[in-house]
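Engineer: As annotated in TrEMBL:
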type	residues	note
BINDING	Gly105, Glu106, Ser107, Gly108, Ala109, Gly110, Lys111, Thr112	ATP binding site
DOMAIN	12-698	domain 'Myosin motor'
DOMAIN	891-1077	domain 'TH1'
REGION	575-597	region 'Actin-binding'
Amino acid sequence: MEVKTSLLDNMIGVGDMVLLEPLTEDSFLENLKKRFDHNEIYTYIGSVVISLNPYRSLPIYTPDKVEEYRNRNFYELSPHIYALADEAYRSLRDQDKDQCILITGESGAGKTEASKLVMSYVAAVCGKGQEVNKVKEQLLQSNPVLEAFGNAKTVRNDNSSRFGKYMDIEFDFKGDPLGGVISNYLLEKSRVVKQPRGERNFHIFYQLLSGASDDTLKKLKLERDFSKYNYLSLDSATVSGLDDAANFRTVRNAMQIVGFMEDEMESVLELVAAVLKLGNIEFKPESRCNGMDESRIKDKNDLKEMCELLGTEQSVLERAFSYRTVEAKMEKVSTTLNVAQAYYARDALAKNLYSRLFSWLVTRINESIKAQGKTRHKVMGVLDIYGFEIFEDNSFEQFIINYCNEKLQQIFIELTLREEQEEYIREGIEWTNIEYFNNAVICDLIENNQNGILAMLDEECLRPGTVTDETFLDKLNTICADHQHFESRLSKNSKFLNDHSLPHNCFRIQHYAGKVLYRVEGFVDKNNDLLYRDLSQAMYKANHSLIKQLFPEGNPAKVNLKRPPTAGFQFKASVGTLMSNLQTKNPNYIRCIKPNDKKASHVFNGSLVCHQARYLGLMENIRVRRAGYAFRQAYEPCLERYKMLCKNTWPHWKGPARQGVEVLMTDLQVPAEEFSYGRSKIFIRNPRTLFFLEEKRKQCLEDLAALIQKIYRGWKCRSHFLLLKKSQVVVASWYRRYAQQKKYQKIKHATTMVQSYTRGWQARKLLRELKYQKKCEEAVTTITAFWHGTQIRREYRKFFRANAGKKIYNFTIQRIMQKYFLGLKSKLPSMSPIDKTWPARPYSFLDGVHAELRRIFHLWRCKKYRSQFTEEKKAVYEEKLEASELFKDKKALYPSSVRQPFKGDYLEISKNPKYQKLSSAVDEKILLADVVNKINRANGKGSSRLFLLTKKNVVLADQKTGQLKANVPLTDLASVSTSTQTDGFFALKLKEGSPSAIKGDFLLSSDHLIEIITKLHRIGSMAADREKLNIDISDEFLVQFKQDKVCVKFIQGSPKNGNSVSCKRKNNRLLEVSVPASS
C-alpha cells in the first residue's frame, strides 16, 4: 500500500481548502466531490476536519492506519480524523493543554461514528495495563448503552442521536485514561409518545421486545408483537441492517462492563416496560350530574400491570389520571380532567419517566467511569451534538437546537481567530485585523435576560391569566419588531406585511446559517413541560427501588409550591455551562456532512452539500483562515521538501534551517510580500506561491529522476559487461582444466590396466605354489592323526566299556533338563498375582522341582507387583487386608465389599460450602466422612447424621444444618458390635464412666460398615497410647441407652417383607432387626 509522506504529495483535488484556488462556492463543492469520488472522505480547512459520510465501510480505520498516524505531524499525511485525534492527544499529553473536540453536523452526517473513531483512536494509542484497559473498555462501552436509550431511526439516519452528548475524558500525567464524565443535553422526549411517519421510537423498546428471553418478557408482562403498543410506530418497526435482538445482548453486556448491577438492569427494563404499558392506557368521556366532563380509563388491565411493575397502588394512579390538585398557599383545589387533559397527563408522565430514566443512566454511568482521586487531571472533551436544523415545519425543538449552534458558531469564530492571532504573535508576525460576521447579535436576540426570545417565553409561561402561543407571538411582535434579524407578518415592521411566505402564526430568524421559519404552535406547552403534582406524588409512593429517585418532588414532606424551571431556562443554563467549559480548552473541530438524503454510497448531491456547507459556515471559515497567511510550515520540513530547488542547499545544507530557507527563497526570486519569516515557521500568504514551489519541485524531481535513471542504467550496463567478462574467464579456465583431467584419466587408465595384468600373473603363480604346499601339509597331518588315533584306541579300549553307560545317562538327563527349562521359559504365565495357571510338567521325576519353581515364580511376581504400589495404594490394600482378617467368613456382608474401594471422604466436606462451618470446627484431618442413620430406641427408626472420623475423634453432626451433635474421643470407645449377616448395623460401645458415655452407646446403620469398622480398628491398632479396639461379631448384643440396656437381635426376614432391612421395637428391652435372606 502506498504511504503518502506529505499532505501535498499525490493530492486528489486539494487536501486543505485554505489552498484552494480560486476560492468560490462552486470550486469548494467540486473539490469535495472529486475527493469523495476517490474515497477521500476527509478534507482540511486549516486544522478543521471536514468529514463526508460514505454510507459504507472503508479500509481506512485498521490498526495499521492507527500506527501510521501515531506521533505524526498534522499536515504530514493525507487528511484523516486520526490526524486530528493524534494532534489533540499529543497536545494534551506533551504540552499539558486540555483539549476539546467539537463534532457538528445534521442528522445522518456521521457525528456519532466520528466520536467513536476519536475515542477508539485515543484508546489504541494510550498506555496499556490491566487497570488502564478496564477504564478504556468502560469508556468505550458507555456508547452502546447511551445509543440504545438515546438514539432512534429517523428518515435521515437509522441511528440518529436524539440528544446532545459531551464527554470529558480524564488522563494522568503519562497520558493514560483515568475515567470520564458525560453530560447530556435536550433529549427529544416527545419521541416517546409520538414519532413522525417513517421514523421509530428509541431503540431500546424494539431491542427489548426482540432480544429479551421469553421468561424476561413474561416477568415484564410484555409480548413480542410491536403492534400491541400504541407508542411504537409500525411503518418502520424493522430496519434493514439493524439486528435489534443482537443489539439487546450487546447493550446488556455493555451495562455489565460499565458496572451496572443485575438488579439495576432489571429495574431499568421494568421502567421501559412501564412506559410501553402507559401508552396503552386509553380514556373515555363521562358526564357528571353537575354538567362537568370527566374521564375514565377504558380497560384497566394495562394500568394494573403497569402498577405491578412500578409497585404502586392502582387506585392512587387511577385517581391521578382523573383529577388534578392545585395548591395555592394554604388551599387545595381538586378539579376533574377531561379526556384531552387525561391523555396530556398520560403522555407527560411517559415523557418525564423516560427522560428522567435517561438522566439517571447518564449519572449512573458517570459514577462508574469517573476518575478516582481529587487531584487535577488532563482533560479531553468530545462534543457530539445536533447540527443546525432547517425543516419544513420548525418548532420549539429546532429553535433550541439552532440557538445552541449559534453559540457554538460564536465560540468557533472567537477561538479560531484567537488561535490565529496567538500563532502570529508567537511567531513574531505582524497581525492584521480580520473582518468577519459576528453572530453575537443573534445570540443576544435569543438569550438576552431582559427582552430575549427565551426570556419573553418564560415570562409568558409564568404570567397569570390566559396564556397561549398567540399571546407569546404578540409579545415578540411588540418587543422584537425593530430587530434586524427578526421577521414576523404581524410585527410593527411594515415591510413584512405583504410577505406571503411568512404565515401569520410564525416568526422568522435570520441565523448565521440562513433564515429559519418557526411555527409558534406548541412553544408555550413545550417550554412549560408540566407534570401534574398528583402524578409526581403517585410515582413517589411506588415501592420500586428506582422510581423514588426519579420523582423526588413527589415527596409530600417536601412540597414546593414554586413552579419548576422551564425547559428553555434549563437548556440555556446548560449551554452556558458548556460554553464556559469549552472556553478553557484548546478546540479541535470536525464538521460532518452527509452527501445525500438516500443513505446511498457513491452519491454526491451538490445542492444538499452546499446547503450544509452554508449553515456550517465553512466558506466563512476558509476566508477567516486565508485573511492572514494561507500556509505555514516549520523551517526543517520546508527546507527538506524544497532544498533540491537551489544548488546552495542541495543535497545537504550544513547551517541553520532558517538560513537555508532564506537562501532558497532568495534564489527562487519569490516576492518578499508573498511570505514572512517567523521564529520557527515560514508563512506563505497566497496559495499560488505554494503551488509555484510545488510545480518547481515536481519539475526538479522529474529531472532528478531522469538523472538517477541515466546513472543507474550506465551502472547496470557496466555491471552486466563486467559480469559477462568474468564469467567468460571462469568458463575458459574450467574447460581447460576439464580437458587436462580427461587426458590424464586416459593415461592413468592405460597404466593401471598394464599393472593389473602383471600383478595378476604374479599372483596366480604364487597361488599355485601355496596350494601345492598346503596339500602336502594336510596329507602329513591326516596320516599323523590316524596313527595317533590307532595308538590311543588300543591303549584305552579296556576302560571304555566300564564307564560308557553312566556318561550316556548323565548326558541324557542334562539334555532333558535343558529342554525342560527352555520350554518353561517360553510358557511362563502372566505377571498378575491372581493368575493361577502353570505349565504342565513333562516328566514325573520333575514334580518337586516343578512345584518349587512355581512357588518361587509366584513370590517373585508378587514382589514385583507390590513394588509398583504408591504409599496411598499400599495403605488401601493394607486396609483391605485388615478387613479380610476381621470379617472374612465372619460377616455375610464382607464378600460384597471386597470390590468396593475404600474412598474415605464420601461427602467432600472441604469443598462443600454447606459444611464449611463444620469443616472449620474439626481441626484434624478427616479420614472418613459419610451419611449414617442413627437408630432411635423408641421406635427403631433412623435419622440421618453426618459421620466424621479423625485420628482422635468420632464426630456426629446434623445432615441438613451441619450442626455438631456428638464428639466422641476414640479413647472412650470400648468395642464395636455388628451382626454376622448382610445388614449395615453396628454399635459403638463406650467405656463406662467416660465423659462420652453419659447419653449411652450409639446404634448406627451405614452402607459402608466394613470400611468404617476397619478404619476404627486400624486407628486403634496403630496408636501406641490406646488399647486395641475389640470387634464383636454376633447376631445378638447389648446396647446401653442412657440408664437402660437394650438387646439388639438380628433375624432372617421372610420374602414378603421385601429386600430391605427393617428395625422394630418389640419391647423396652428388645430391638429386632429383620435382615433379608441373601441370594
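Just so you know, glycine gets a Cβ as well, placed from its N, Cα and C.
Help me understand the surroundings of these features in the structure.
Structural biologist: Of all the Cβ atoms in the protein chains shown, 22 others lie within 10 Å of the Cβ of Gly108 (ATP binding site).
Non-local neighbours of the region 'Actin-binding' (575-597) in the same chain are 32, 36, 45, 47-55, 81, 84, 87-88, 91, 97-106, 108-111, 114, 118, 156, 166, 168, 183, 185, 379, 381, 383, 387, 403-404, 407, 411-412, 415-416, 419, 603-605, 608-609, 612-613, 616, 618; each lies 6+ residues outside the stretch with a CB under 8 Å from one of its CB atoms.
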Engineer: What other residues of the same chain, not counting Gly105, Glu106, Ser107, Gly108, Ala109, Gly110, Lys111, Thr112, have a CB atom within 8 A of the CB centroid of the ATP site?
Structural biologist: Asn53, Asn157, Ser160, Ser161, Gly387, Cys592, Lys594
Engineer: Looking at the binding-site residues Ser107, Thr112, which sits with the largest number of other Cβ atoms within 10 Å of its Cβ?
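Structural biologist: Max Cβ neighbours within 10 Å, all protein chains included: Thr112.
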Engineer: Counting by DSSP secondary structure, give me helix, strand and coil numbers for the region 'Actin-binding' (575-597).
Structural biologist: 9 helix, 8 strand, 6 coil
Engineer: Give me the mean pLDDT over the domain 'Myosin motor' (12-698), rounded to a whole number.
Structural biologist: 83
Engineer: Looking only at Cβ atoms, how many others are within 10 Å of the one on Lys111 (ATP binding site)?
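Structural biologist: Excluding its own Cβ, Lys111 (ATP binding site) sees 28 Cβ atoms within 10 Å.
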